[in-house]
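Copied over from TrEMBL, here are the features:
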TRANSMEM  24-42  transmembrane segment
TRANSMEM  49-70  transmembrane segment
TRANSMEM  76-96  transmembrane segment
TRANSMEM  117-139  transmembrane segment
TRANSMEM  145-167  transmembrane segment
TRANSMEM  179-201  transmembrane segment
TRANSMEM  213-234  transmembrane segment
REGION    281-311  region 'Disordered'
Amino acid sequence: MLHVSICSMFMAGVGGYSYLYEPLWWVGMITMVVGEVANFAAYAFAPAILVTPLGALSIIISAILAHVMLREKLHIFGILGCILCVVGSTTIVLHAPAEREIESVTEVWDLATEPAFMCYAAVVLAIVAILVYRIVPLYGQTHVMVYIGVCSLVGSISVMSVKALGIALKLTFSGMNQLIYPQTWAFTLVVLTCIITQMNYLNKALDTFNTAVVSPIYYTMFTSLTILASVIMFKDWDRQNPTQIVTETCGFVTILSGTFLLHKTKDMADGLSTSSSFRLPTSSSFRFSKQTDQDSEGIPLRSSESFRSPP
């Protein structure tokens with residue numbers, strides 16, 4: 001799973017690359033890489049329907065670390081959001097399906113080439129092509145769902161490929177070499193292509209829209225589509241009864257509620273801190289602005305280019 005924090009690191013902000021000289025940045029970079037390697041390995045040992053929703057725990061850790069290290073105040077609703085994420089994650093863990101026993105990467109390839117998943121992949125690729133070539137040039141800069149839609153759709157395919165590659169590596173390390181199969185390298189190619197596409201459009205979304213808006217929407221769409229792809233490809237729900245499925249769905253909805261509450265609280269806190277930096281004008285400044293407006297009456301507004309000195 002690609003978190004928003006991963007792609008935001010690759011964005012070159014207006015401050016340049018001075019953060020490369022900060023030891024704390026490298027500590028964060030190394031710990032993040034270790035975490036993503038562990039997240040990659042988790043897909044080899046557990047179903048995606050379990051691993052992907054648990055990504056909400058990273059949101060809780062980020063909120064707590066921001067409160068401790070950055071002195072960002074965690075409001076009561078933020079605490080409630082963390083509790084909801086924990087409750088939802090616990091519910092999913094307790095009722096998640098058992099991992100399917102797979103003895104070769106060719107078995108995963110057979111699952112990926114079944115008609116149901118092939119139809120899903122074809123629909124995803126068709127929608128992504130329409131979004132990239134038709135919708136993005138027109139509405140990419142004004143509608144947040146465009147960039148996030150591309151990331152989420154491609155992400156659902158990338159997670160399935162990551163899981164397949166993780167299973168291949170797990171079997172290889174256990175003594176059954178899977179690198180001799182062309183399917184392993186096909187899954188590797190799909191993973192690289194999908195990750196590059198995700199990083200590209202997620203960076204565009206973060207560069208264009210507020211992170212507090214991008215994060216919860218991306219998490220919701222990405223997780224929902226990944227669960228759908230996993231249910232279709234690995235048939236996770238075929239080994240469960242309706243009660244377990246409903247319970248997992250309720251846990252997922254609980255996580256979504258906590259995620260939105262956390263980001264909404266952060267957005268409100270940022271808005272309050274921003275608004276507090278502005279002061280109400282005094283009566284003297286109001287009189288001065290009024291006098292200025294009267295003096296400038298009849299003078300048309302001009303763009304900055306008209307104030308340039310003549311050559």
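Numbering starts at 1 and runs along the chain as displayed.
Backbone N, Cα and C atoms are what each Cβ position is placed from, and that goes for glycine too.
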Q: Verify whether three or more Cβ pairs under 8 angstroms connect the transmembrane segment (179-201) with the transmembrane segment (49-70), leaving out any pair fewer than 6 apart in sequence.
A: no
Q: Test the contact criterion for the transmembrane segment (213-234) and the transmembrane segment (117-139): 3 or more CB pairs under 8 Å, pairs 6 or more apart in sequence, then answer yes or no.
A: yes
